[in-house]
Every structure is written in C-alpha cells, then in structure tokens.
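Engineer: According to TrEMBL:
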type	residues	note
REPEAT	160-194	repeat 'PPR'
REPEAT	230-260	repeat 'PPR'
REPEAT	261-295	repeat 'PPR'
REPEAT	331-361	repeat 'PPR'
REPEAT	362-396	repeat 'PPR'
REPEAT	562-596	repeat 'PPR'
DOMAIN	792-866	domain 'DYW'
Amino acid sequence: MAFSAKTPRSLIKSDLPSPIHRKLRKQKFLYFWNRRKTHQISSTQPQQQLSFLNTNSLNSSDPNSHLHLLCINGKLQEALNYLDSMQELQIPLDEDTAIGMVRLCEWKRAFEEGSKVYCYVSNSSNSLSLRLGNAFLSMFVRFGKLGDAWYVFGKMLERDVFSWNVLISGYAKKGFFDEALCLYHRMLWVGFKPDVYTFPCVLRTCGAVPNLERGKEVHVHVIRFGFEADVDVINALITMYVKCGDLPKARLLFDKMARRDRISWNAIISGYFENGEYLEGIRLFFKMREHWFDPDLMTMTSVISACESLGNERLGREIHGYVIVTGMSADVSVCNSLIQMYFSLGCWETAEKVFDRMEWRDVVSWTAMISGYENNVLPDKALDTYRMMELHGFVPDEITLASVLSACAYLGKLDMGIKLHELAKRTGFISYIIVANTLVDMYSKCKCIDKALEVFHSIPDKDVISWTAIILGLRLNNRCFEALIFFRQMKVSLKPNSVTLVSVLSACARIGGLMCGKEIHAYALRTGMALDGFLPNALLDMYVRCGRMGPAWNQFNSQKKDVSAWNILLTGYAQRGQGKLAVEFFNRMIKSNVSPDEITFIPLLCACSKSEMVTEGLKYFNIMELKYGVTPNLKHYACVVDLLGCAGQLEEAYEFIQEMPIKPDAAIWGALLNACRIHRQVELGEFAAQRIFESDRRSVGYYVLLCNLYANSGKWDEVAKVRKMMKDNGLVIDPGCSWVEVKGKIHAFLSGDDFHPQINEINALLEGIYEKMRVAGLGGPKCDSMDGVEISKAEIFCGHSERLAVAFGLINTVPGTPIWVTKNLYMCQSCHSTIKFISKIVRREISVRDTEEFHHFKDGICSCGDVEILGKALTNTTSERN
C-alpha cells in the first residue's frame with residue numbers, strides 16, 4: 001500500500017510530554033508526600049495505621065479482587081477511595097482491575113476520575129499493555145481528549161486493529177476528517193488489515209468531507225479485503241456515495257445487495273431526499289413497505305420532511321395517518337416533524353392540533369411552534385407560545401430566541417426584544433451568530449439603529465447575513481450613505497449574496513445613487529446573480545426611483561415579467577403623475593395575461609388621483625373585486641379618499657369614509673386632512689385630525705399637514721399650538737437633506753450646511769441666481785408676497801437643501817449635463833420657483849425627486865404642472881418615505 005502524501009511521516013511521538021503529564025508529576029509528588037506522612041503517623045497513632053488493613057477498608061487477602069467487585073457494582077467513588085488506600089500501601093494494581101476501573105470511569109463519564117486512574121497506572125509503568133492501552137484509548141476518545149489518546153497510543157507496546165479503529169473514529173467524530181483518513185492510510189502502511197468496524201467509520205469520514213475520490217479508493221479496499229458482502233459495510237458505502245452526490249452509484253450498490261436491513265433502506269431513502277430527489281425517495285419508501293420492512297422513527301421523520309419539501313399536503317396527511325396507525329405518533333421527534341411540515345404547508349391549525357395532543361414536549365416542540373407562527377406571519381401567536389413555554393419551565397435554545405426576536409421585530413416589541421437580549425447574554429446564546437444577527441434585525445426594525453450597530457460590531461466572525469442585516473437596517477433608518485459604506489467594507493472579506501444586493505440597491509434608490517446602482521448591476525451580471533430571486537425587480541425599482549425610465553424599460557424587457565415587475569413600472573408612472581400612461585400600462589398588463597394583485601391598484605389609483613382622473617379611478621376601484629378578485633384594503637380606500645379629496649369633492653370623500661365596510665385607520669383620515677389643507681376646509685380638517693390622533697400620535701407627517709392647514713388659513717395661533725403639541729410629544733421634523741450624484745460619487749447636503757468644502761462657491765452661485773431673479777422681477781427666493789411666517793414655515797418643512805445640491809451639480813459638471821437630485825422632504829414653492837428659473841437660464845434639465853413625486857424642470861417648465869407644492873403629500877409619516 002503506497003503511503004498517502006497527506007500522511008505525516010511520524011504521527012506518534014512518545015517522547016513528547018502528555019497533555020496530562022503535569023497531573024502525573026503532581027500525583028507523584030503527592031504520592032511520596034503522603035507516604036512520608038503515613039510513616040510519621042504510624043509512630044504516634046498505630047491504631048490509624050491498622051485501620052487501613054481492616055476488612056471495611058481493604059481486603060488484605062486480595063485487594064484487587066475487592067476493587068474489581070466494586071467496579072462491577074458501579075461504585076466509582078468507593079473504588080477510588082479504595083484505590084487511594086492501595087496506593088498508600090504501595091499495593092500493585094493488576095491489569096484486569098485497572099481495565100475495570102477505566103471502563104467504569106468511561107461508563108460514568110468521569111474524566112477527572114479516569115485521569116486519576118491513568119496517573120496511578122503511569123506511576124507504576126512506563127508502557128501500556130494492549131488491553132489496558134485500548135481501554136484508556138476508548139475512554140479518552142469517548143471524552144473527546146484526543147491529545148491524551150495520542151499519548152496513550154504512543155505508550156502502547158503493542159497495538160491491534162481495535163486501537164486504530166478507536167483513534168480513527170475519535171478524530172472523525174471531532175471533525176478532523178483529513179487526520180482520520182491519514183490515520184487510516186497509516187494503519188494500512190504499517191500492515192494492519194481493516195475489519196468490519198474500520199470501513200463504516202472511514203466511509204462516514206469520506207462522506208462528511210465530502211471526498212468522492214477517497215471514498216472510491218476505500219471502496220476498492222472493501223473489495224480487496226473481502227467485505228463487499230457485509231451489510232454494514234455496504235450500508236456505509238451507500239451513505240458515502242449519497243453524501244458525495246453520486247446517487248446512481250449508491251442505487252447500484254443498493255440494488256445489488258443480496259440481503260438488506262432497515263438501515264439499508266433508510267440510507268438510500270434519505271440519500272434521495274438529501275439530493276432533492278423527493279419523489280423517488282417516496283417511491284422507495286412505499287417499496288420498503290412492500291418488502292415487509294417496517295419503517296422506524298428515522299424513516300418517518302425523513303419522509304415527513306420530504307412531504308414538506310414537496311409541498312404536498314395530501315401526501316403529508318396520508319403519512320400522518322400512517323404514523324397514527326403504527327403508533328409512532330407518541331414519539332416526540334415524529335410529532336415535531338409533523339408540526340414543522342404542517343406549518344410549512346400553511347396548515348397552522350393542524351399543527352396546533354398535533355402540538356396539543358402531544359403527551360410530552362421538548363424544546364424542539366416549542367421552537368417548532370414559535371418559528372412556525374413566525375414564518376406564517378402570526379407573530380402574536382409566536383410571542384404567546386413563547387410565554388407559555390416559559391410558564392412550563394422550558395429554557396429556550398438559540399433557535400427559539402432567534403424566532404421570538406423575529407416576531408418582536410415584526411411587531412415592533414422593543415421592550416420584549418431588550419429582555420430577550422439580556423437573556424441571550426445570561427445564557428451565552430449571544431455567541432451564536434443566528435441570535436446576534438436576529439438582534440441586529442430586531443433593533444433595526446424597532447428604529448434603534450445605534451443599538452443594532454453595537455450588536456453588529458460585537459460579532460467576532462460576521463457572516464453574509466450579519467452584513468446584510470446591518471445594511472438593510474441602515475436603509476430602513478434612512479442612513480443610506482452608511483449602508484453603501486458598509487457594503488464596500490463587506491466586499492473586502494465576503495461575497496455578498498442576492499439578498500445583500502437587494503438591500504444595497506434599495507439604499508441606492510433612496511438617495512438616487514444611479515452610478516452605484518449600475519455598479520451593483522454589473523457585479524450581479526459578472527457573478528451570475530442578475531436573475532436570482534427578487535434581484536431583477538430590485539434593479540428595476542432602482543432605475544425607476546432614480547428617474548431613468550429608459551434603462552428601467554430595458555431591464556423590464558430582459559427579465560421575467562411577474563406581477564411585481566409590472567407594479568414597479570406602474571409606480572414609476574404614478575410618481576410622475578402620468579395617469580393616462582399608467583392606465584395604458586395597466587391595460588397592457590391585463591392583455592399580457594398577468595393578473596393584478598392588491599398592490600397593483602395602489603399606484604393605479606394614485607396615478608388617477610394626481611392626474612385628477614376621478615371617473616377612471618372610481619371605475620377601477622369598483623371593478624377590482626368584481627372583475628379581478630382583489631378585495632380592497634385600507635390602502636385602497638385611502639387612495640379613493642385622496643382621489644375625491646384632491647379633486648375638491650370633500651363631501652363625497654367624507655361620505656365614502658362613513659360608508660366603508662371596515663374601520664378607517666389614520667392614513668384614511670390623513671388623506672381627508674390633506675384634501676382639507678389643499679381646499680382650506682378647516683372644520684372638516686380638524687375633525688379628521690381628531691380621528692387621526694385617537695390612534696396615532698407619533699407620526700410627524702400628520703402634524704405637518706395640520707400645521708399647513710392652519711397656516712394656509714391664516715390661523716397662526718393654532719399653528720403654534722400644534723408645534724407645542726409636537727414638542728411635548730418629543731417629535732421633531734427630520735432636517736432637510738438632498739443628494740446629488742456627480743461623477744459616480746454621491747454628495748449629501750443638509751439644510752443650513754456650512755461645512756461643505758465648496759460651500760463658498762455654492763453660496764456665491766446661488767446669490768448670483770437670486771440677483772438675476774430679482775432683475776427679472778421674480779423677487780428672489782424670498783419675495784414680497786411671502787410673509788415672515790410663510791418663510792419660516794417653508795424653511796421648517798422644506799429646508800431648501802435641494803438648492804445646495806443643484807448648485808453643486810452646476811459647479812462640478814460640464815454645461816448641458818442633466819442634474820438629478822433626491823430629497824427627503826417636500827419641495828416648497830420658493831425652491832420650486834428657484835429651480836424653474838435655474839433650468840431656464842442655464843439651459844439644463846434638472847430633476848428633483850421629493851417624497852411625493854418627480855419634478856422634471858426644463859426651459860423653466862416643471863412636469864408637475866406648477867400645482868401648489870408645499871405640504872402636498874401622502875399622509876405617511878416623514879420617517880417612512882419611499
């Protein structure tokens with residue numbers, strides 16, 4: 001047998017100190033010290049010395065037999081005390097007794113006691129016999145102490161195949177697969193013939209790596225040494241081949257078996273399941289029953305999991321019936337698999353019945369219920385089940401904590417999330433990356449992004465999910481700049497997946513980072529991820545939000561056109577107020593045999609509202625359920641209220657709310673409040689605001705609308721009261737921020753920003769423009785028609801940051817280059833007039849996307865039609881824009 005290239009030339013170094021050699025020295029020192037102490041005691045206390053020889057302490061006729069009897073009876077502590085007495089009197093320990101002591105320590109899982117026995121034996125001999133060495137090998141391998149096992153192996157004068165088998169299995173069980181295979185080759189090299197126990201261990205190692213070439217080599221050894229008919233060896237070969245993905249070879253071995261057992265069937269059935277061949281695995285399961293082999297618990301759990309993967313509810317229920325008939329429904333592992341299957345199939349009520357009928361439950365049972373509720377978007381039930389779990393005295397594991405934290409994230413239950421964080425710290429589960437990643441996600445969705453960053457930075461070995469969670473968290477908290485920075489840092493050490501790219505593209509879309517989005521698009525094409533999951537639609541959404549409808553159409557035509565893709569383009573037309581184009585696009589969607597969903601009608605109704613297409617909007621609302629089977633929800637009702645209200649039909653809008661079949665929420669009353677602001681209907685607007693604040697007192701956007709209603713009607717005292725109410729509730733309006741992309745880099749400008757390196761040039765350019773506006777009779781940015789309060793209101797609710805971004809773009813781009821700006825607040829009338837003027841005098845196209853719509857300025861004309869700007873908005877909160 002040729003020596004393996006990976007096999008070390010000298011695996012055994014018996015001259016090296018043992019890992020427990022320090023214990024040996026300490027025991028020797030105590031041994032001699034105790035011996036001197038005994039002699040001293042004997043001269044003064046002869047009665048105590050005599051006690052060592054009475055029958056209660058030491059059988060003087062045959063101490064080894066007495067010690068052996070204690071080992072047989074499992075009295076470990078008494079045996080150790082008796083051994084200490086023998087050591088004091090220097091009575092030698094014979095081999096059979098020593099082996100009995102070692103086996104007792106192994107059986108009792110008593111590592112310290114086993115080490116003590118080893119120390120005693122090592123004191124009396126520098127080498128170990130075959131039987132005693134094998135006993136110590138087995139014990140140390142059982143305890144996972146491979147270093148000690150190596151030292152014992154080196155001290156053995158003689159070794160047999162059992163010695164090698166024990167050491168090989170020890171390394172394999174600890175995950176040192178390459179070392180285990182090297183040991184196997186070393187065993188062959190020194191002349192030992194493998195036995196029926198060697199091959200299953202070595203073949204499991206080949207499957208675990210997985211290493212098909214090594215496995216085939218071992219297969220040749222199986223034939224060479226004559227074990228090709230042994231059932232256990234063939235079962236191990238089948239398992240090895242399926243682990244290495246060679247199903248045809250595994251099936252060939254299985255079909256050629258002259259005799260099979262239940263393990264043979266389990267190996268091939270689970271092999272098909274593991275390789276995604278679920279139907280063939282199910283066929284083999286039924287064939288197994290035809291051959292009069294009764295499936296065991298392992299068979300049933302794998303078959304139930306296959307039904308889950310197939311998504312076949314009917315088959316799953318049939319298997320459930322078989323489980324009940326065969327009496328296996330009492331087994332907790334089978335019930336856990338059934339619970340998981342039913343949740344995966346969406347049959348959570350049936351999963352509850354299985355859980356309720358369980359006589360005994362373990363942590364996995366509770367975790368299956370909690371994670372099942374969480375995956376089926378039933379977070380309230382998940383939290384209730386967790387509380388029940390605590391009442392029943394079960395301690396959660398890392399999977400439980402992760403599932404409960406996900407439910408907290410969905411519901412925004414920050415207080416409970418913090419308690420779970422503390423529990424994770426106390427129990428040590430915070431070290432599990434799945435728990436840490438879920439904590440990052442929970443804090444991000446609960447708007448505690450700084451706490452999420454703290455948890456993220458504490459993760460020692462971050463994986464792709466860690467980075468994706470914090471990137472998405474930063475995006476959700478409107479810190480898109482940082483999200484892009486983290487993405488670049490991630491790429492240094494890890495390869496992002498499609499979910500990561502979707503999160504980064506969302507950040508690019510938010511701040512108008514077109515070039516960054518294009519870079520990600522190119523990266524997705526290079527890495528073959530451009531068609532993975534939701535990534536094509538994320539790219540489409542990025543182009544639409546960046547205002548590039550041409551590239552958006554190219555992306556749309558190159559990808560799978562599902563309903564989400566149609567909805568994204570439809571949203572693009574709605575944002576631009578292009579109602580007619582939106583209707584035409586919807587009709588094209590219907591002709592393409594794509595069924596609209598509930599999301600489709602939201603941008604369609606919004607487009608009709610912005611284009612004042614009231615008749616068309618009402619028509620689509622009325623037929624969405626009758627013709628397309630889509631039941632209107634609260635968002636659709638809010639769109640209709642906005643449609644009627646913006647068109648001046650306030651009474652009809654109010655009557656529509658009164659006749660709604662479901663209770664209106666704050667967004668619906670907010671749509672009415674916005675319409676009252678536009679048409680200055682203070683009384684109805686105040687009524688709508690009262691309804692809003694009954695259920696939502698934390699959303700800043702509603703206070704802004706109410707302020708604008710009072711301001712437009714000249715009720716400044718009421719404006720002051722609303723501002724005070726906001727202050728008392730701890731609410732603040734986000735500072736205005738605008739982003740502009742120049743030469744592939746994104747530049748951000750805050751309201752009143754005086755720290756930008758080019759701020760002097762920017763201010764000088766703007767002052768020159770204001771002077772030209774005054775010369776042209778436009779009155780500059782603060783014309784005489786605007787009083788002080790109106791100017792103050794514009795500065796608060798707008799911030800004018802888009803002016804800085806536009807000026808920066810003018811300075812740093814060549815003449816004629818279009819300028820694209822994205823803003824986090826609404827554009828005021830003053831900024832709108834200013835940028836209109838700029839587009840005319842510099843002869844450039846300027847696009848500004850605020851929270852409501854795109855404003856395309858060209859030759860002094862805006863695409864919005866110069867309708868009133870300030871405050872015209874959807875009634876979402878200012879912190880939940882786009």
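Cβ from N, Cα, C; glycine included.
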Engineer: For the domain 'DYW' (792-866), what's the model's average pLDDT?
Structural biologist: 86
Engineer: Give me the DSSP three-state residue breakdown of the repeat 'PPR' (230-260), ordered helix, strand, coil.
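Structural biologist: Tallying H, G and I as helix, E and B as strand, the rest coil: 23 helix, 0 strand, 8 coil.
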Engineer: Counting only residues 6 or more past its boundaries, what in the same chain has a CB within less than 8 Å of a CB in the repeat 'PPR' (362-396)?
Structural biologist: 332-333, 335-336, 339-340, 342-344, 346, 348, 351-352, 355, 403-404, 406-408, 410-411, 413, 416, 423, 427, 429
Engineer: For the repeat 'PPR' (160-194), jot down how many residues DSSP puts in helix, in strand and in coil.
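Structural biologist: Result for the repeat 'PPR' (160-194), in helix, strand, coil order: 26 helix, 0 strand, 9 coil.
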Engineer: Under the DSSP assignment, what numbers of helix, strand and coil residues are found in the repeat 'PPR' (261-295)?
Structural biologist: 26 helix, 0 strand, 9 coil
Engineer: In the repeat 'PPR' (562-596), how many residues does DSSP put in helix, strand and coil?
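Structural biologist: Within the repeat 'PPR' (562-596) the tally stands at 26 helix, 0 strand, 9 coil.
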Engineer: Quick one: DSSP breakdown of the domain 'DYW' (792-866) into helix, strand and coil?
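Structural biologist: Output for the domain 'DYW' (792-866) reads 31 helix, 16 strand, 28 coil.
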